[in-house]
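Heads up: the structure comes next, in structure tokens.
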Amino acid sequence: MSTEARKPPPQIALKIRRLLGGKAGWNGVAVQFAFAAILGWIGYEIVSNARANLENQHIAAGFGFLRNNAGFDVNQTLISYTGSDTFLRVFVVGLLNTLVVSVVGIVFATLIGFIVALCRLSPNWLLSRVGEIYVEIIRNLPLLFQILFWYLAVLAALPNPRQSISLLGLAFISNRGLVVPSPIGERGLEPFLAMLALGIVASLALRFYARRALFQEGRMIRIWPYVLGLLFGLPLATMLVFGPPFSFELPQLKGFNFAGGSRIIPEFVALTLALSTYTAAFIAEIVRAGILSVHKGQMEAGSSLGLSRGTTLRLIVVPQAMRVIVPPLTNQYLNLTKNSSLAVAIGYPDLVSVFAGTSLSQTGQAIEIIAMTMGIYLLISLLTSAIMSVYGWRVSRSLGA
Amino acid sequence: MSDIASSSFVRQDLLTERPAPVKTTGFVGLMRTRLFNSPTNILLTIVGALLLWFTIVPSVRFLLVDAVWSGKDRTACLTENAGFAVGACWPYIQAKLPQLIYGFYPEAERWRVNLTFVLAVVLLVPLLVPRLPAKGLNASLFFVAFPIVAFFLLHGGGIKGFGLSWTAGLLELFDESISGAGQALLSLSKTSAAGPLLWLVGSLIVLVGTAIHWLILPLIWLRDQIQGAGQSLWADFAVTAAVVCLIAFGLGGGLRTGWRALASSIAAFVAIAAVIKLMGLDRGGLPVVTTNLWGGLLVTLVVSVTGIVTSLPIGIALALGRRSTIPLIRIFSIAFIEFWRGVPLITVLFFATYMLPLFLPGNFTVDGLVRALIGIALFTGAYQAENVRGGLAAIPRGQGEAAAALGLSWWKTTSLIVLPQALRHVIPNLVNSFISLFKDTSLVSIVALFDLLGSLRASFSDPKWSTPSTAFTGFAFAGIIYFIFCFGMSRYSLFVEHRLNAHRRN
């Protein structure tokens, strides 16, 4: 007499129920129907109201306005732009300005942030207090306050161009912004750039080869002299052969303003200063927390293996700290990018300022313009979080968890 | 005995005193161990001291030593009149102080603002001190009653109806909208390719609309009767109070256990009646002060307190939705949270200012301040949702399972077991969000509302006070105010965190 296990009852109904309604079962399905009905109703209300309101205000819905002429000027453009270009080009110009201020801000914020974090971690009591005061003051004041402070108080107090502060006769700071020498390409530019690119590619390849040799055969290859040679030697050699790659055009004071050189507008200076010092305070706290999160025993274990302090830091402490630091750090970079939209308060021509500000008031196409602006920021942050989740996946894989 | 004496050594004379150990505590110890113990450290100390010297000394000189303390207009703060390089121009702040605190709020009505501030402090302080009792009552007073009272205090105006007429009006609007949608679908079905399907859905919706119409008919009849009679507000109030008290009694367990619920709802309605009578809401209330006259610190505080009060329920609802197993609700919550967290606040404010009015019915205008408040509530709600979700994730599964084993429903498990613990866990995070919300309120100045920063910026353009140091003085004053609020909140958050982690300390 055999006692065979009974077949489990068919689970199809259960599975469907689970799929449709989650743990709540048929109740969940009902809740979903009610929820969908409410959402549908709200959506219907929004669409019908928007349609009626637009009709009343005689605004044509749609993205056709993007092909119209903008008819206003933008005081900082990375690509060529005149008032007779289209609104689509205004969008691109604004987006590029946003990206430029974000990238520059991120570089400075990271630099200042790491310096402040090192100050706070320093065994020197006074220096760590200085770092702490910096972080507390900066973090507890609104960013817009700081932007306006730099723009309306500090930069406005600078002298006019005729009495501008000269930095070695090369750059001039005045209330019209920062004037720096502008590079002009010469005959040697193309070979120089080509050799620079070649050097970078070759050094990357070398590093890849060296790591392979280290991990697979256990051979240590010292590559840094070759990398230095590739990165600096090759371009220098082309400079000797073809002459200097570019020369600098020095700014000259003519009348009431500067001629020559390139001008960095004061709005950009104020925005970059405020964004980088503000974000630096947060980055400093993140870096400090990351380094403190590595257990003291790791350092001790490193030195008991006979590694030097620098090597222990480089090979043991920093990689573990980076795992803690990188996700919130990217978050701060994203915050900085989003915060760059405060440019609208001081008139720096970023995406929000020229597109959601000037273009919106000229065309009245509120729905399309704000949707496009929000969409582009959303795209940036979703892309970043996608990259971060890939990073998190790789970290958890490398931990073998 | 003598053996021992001969073989062992016994010291006869006293040892010379060893020098005392190097002091490692106190100021001298600090200097020895953490400031001047090595050449690099001495160098770093000098660098730090120089940094402090070059920031603190000029600041103190500007704020106190070189400052001008009295005067009538800009001439007092000019270097040639004062006779020295002028620092802060404090008479400018004295002249602009009412504008920085109240905006253009009429001078005769400013006591209302002051009274609101006092009420807020009186209700908030006991809420923040953990040892004081009756947190539930206190919280409901601060989070529910205070905003309503503050609205009628600050804005003024009275009420014409109460719960009954509001419910009837809302249901009527809803019914109209549903019937309109059904009619639109029916008319669309005549031309569209998917005609029969649209016709079916449309007639179903029209049927629902008609059903709702018949259901709410008695309510509307009652409302019309009440409004026809004199003293409509009080009649409406009495009916609403009776209905709500009965419902509370029934839900509380009827004759068996419902008495407590009945008593507390009666007490609540008596309190509401007292407030209505006291503020004269039935007779038109206080004179109306429209929000475009509000400004300064008042707007900053109104925006931040409203943001705090409204974002928390939104955040809790979204966090629960995101953890729900019901697919549609979870997907909606995730999309909603990620959308608002992915865009900058300033675009949200632009959305609220320019796009939101288009989404509302044409005859329905929303005040500029309220629009900004809606945007901020949605934005902060999404951030609070992530905070609350962190707290929910920190509660062990066993808590929910134990509640389920006791036979509690999902709602009871969540509201009685899981949420109270989760919220306690995340108080520090919530307070940190409130700090960033408080700082972010300064952004409303971009959409033409005059908060503290906006009023400050507006005051710079007054030619009566334009001196080289005006801007610096103004920023110093506003900065001190912002710093006091934010720093206070962050210290409080640290204090709560310390208390919550008491069991982990050793």
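For all residues, glycine too, the Cβ spot is worked out from N, Cα and C.
Among the features that TrEMBL reports, transmembrane segment is placed at B:42-64 (among others).
Look at TrEMBL and you will find B:111-130 (among others) tagged as transmembrane segment. Long-range contacts of the transmembrane segment (B:111-130) within the same chain, counting only residues at least 6 positions beyond its ends with a Cβ under 8 Å from a Cβ of the stretch, are 101-102, 105, 138-139, 141-142, 146, 149-150, 153-154, 156, 286, 289, 298, 301, 305, 492, 496, 499.
Listed as Cβ neighbours of the transmembrane segment (B:136-154) (distance under 8 Å, sequence separation of 6 or more from its ends, same chain) are residues 112-113, 115-116, 119-120, 123-124, 126-127, 271, 275, 279, 281, 285-286, 289, 294, 298, 302, 305-306, 309, 312. The transmembrane segment feature in TrEMBL is assigned to B:136-154 (among others).
Annotation comment: TrEMBL describes B:197-221 (among others) as transmembrane segment. Sequence-distant contacts of the transmembrane segment (B:197-221) (same chain, six or more residues past either end, CB-CB distance under 8 Å): 164, 167-168, 171-172, 174-175, 178-179, 181-186, 188-189.
If you look up TrEMBL, you'll see B:233-255 (among others) marked as transmembrane segment.
Long-range contacts of the transmembrane segment (B:262-281) within its own chain (CB-CB distance under 8 A, at least 6 residues past either end) are made by residues 145, 149, 152-153, 158-159, 233, 237, 241, 244-245, 248-249, 252. Marked as transmembrane segment by TrEMBL: B:262-281 (among others).
The transmembrane segment feature in TrEMBL is assigned to B:293-320 (among others).
The annotation domain 'ABC transmembrane type-1' is assigned in TrEMBL to B:297-493.
Taken from TrEMBL, the feature transmembrane segment covers B:332-356 (among others). Here the transmembrane segment (B:332-356) has long-range neighbours at 318-319, 321-322, 324, 366, 368, 371-372, 374-376, 378-379, 381-383, 385-386, 440, 443-444, 446-447, meaning same-chain residues at least 6 beyond its ends whose C-beta is under 8 angstroms from one of its own.
Per TrEMBL, the feature transmembrane segment maps to B:472-495 (among others). Here the transmembrane segment (B:472-495) has Cβ contacts under 8 Å with residues 62-63, 88-90, 92-93, 96, 100, 128, 297, 427-428, 431-432, 434-435, 438-439, 442, 452-453, 456, 459-460 of the same chain, all six or more residues outside its ends.
Sequence-distant contacts of the transmembrane segment (B:293-320) (same chain, six or more residues past either end, CB-CB distance under 8 Å): 99-106, 113, 117, 120, 143, 147, 150, 154, 333, 336-337, 369, 372-373, 376-378, 380-389, 392, 414, 419, 423, 430, 433-434, 437-438, 441-442, 444, 449-455, 481.
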